[in-house]
């Protein structure tokens, strides 16, 4: 949900921003590409070092992991796609009537949500293949949440914080019930409601986004140290890129596993510790000229 809210926040910041094609590519797209290549290389190298202890390493193994990218780096090509389509998206919101955009959005959203929601639930090779080939399902995640964030921001007055919280809570409970029922039916742990474009994630992400924005508008005058918030904001990109390194490599190597603590304690402890360590490291890395500008 952090990724989806990041996309929506980017939609607010970029959809009305005046940028030339050259500036868009040089300043924003280039940074994403460099970060994508750099972090894919780093994670592929780490995987090779870890794999080498029990298996023989080949060039094919490295290139497969490098070109395939680490699982959490999907965020980078998604945001890159949104950036590249930005000039088109800006013209859409400027020249099309809201009714036209709403109609197009409903068509696209319906196709995407149907595919992402139903595909994990259908145990059929034929239907699964058909859904995978559904053309609307190939629209990138970033574009959808870019547009969604922009319009939620401009129509935020139609929502209340309490309603958003109720929608979020209700969606999460319903998604958990659906997931539990399918897990029981197949007698194994299953995740059928966690796709970034499934109806469960779209609705809950939108609800959290609106609630947070309304809350920040109310509380912004009460914030005592905006410098701290600004510093954290500048480091969030790098924090996301590096955080799995601690979860997958550092914690496991020192024997710090989730099984040692109750679930609630684990979530709070691991989240706080990962965020703090990642923030400190990224803050330091941002002081290094090239790395700070292009990689984090």
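Each position is counted from 1, following the chain as shown.
Note: Cβ is positioned from N, Cα and C throughout, glycine not excepted.
Your range for transmembrane segment, going by TrEMBL and the list 240-262, 263-285, is 263-285.
TrEMBL lists transmembrane segment for one of the ranges 52-70, 71-89, namely 71-89. Mean pLDDT of the predicted structure over the domain 'Acyltransferase 3' (6-283): 79. Long-range Cβ contacts of the transmembrane segment (71-89) within its own chain (Cβ-Cβ under 8 Å, at least 6 residues beyond either end) map to 3, 6-7, 10-11, 14-15, 19, 21, 24, 28-29, 32-33, 35-36, 39-40, 43, 140-143, 145-147, 240-241, 244.
Tertiary neighbourhood of the transmembrane segment (197-216): same-chain residues 1, 4-5, 8-9, 109, 112-113, 115-117, 137, 141, 144-145, 148-149, 152-153, 156, 159-161, 164-165, 167-168, 171-172, 174-175, 178, selected by CB-CB distance under 8 Å and a gap of 6+ residues from either end. With a threshold of 8 Å between CB atoms, the same-chain residues lying at least 6 positions outside the transmembrane segment (263-285) that come near it are 231-232, 235, 238-239, 242-243, 246-247, 251, 291-292, 295-296.
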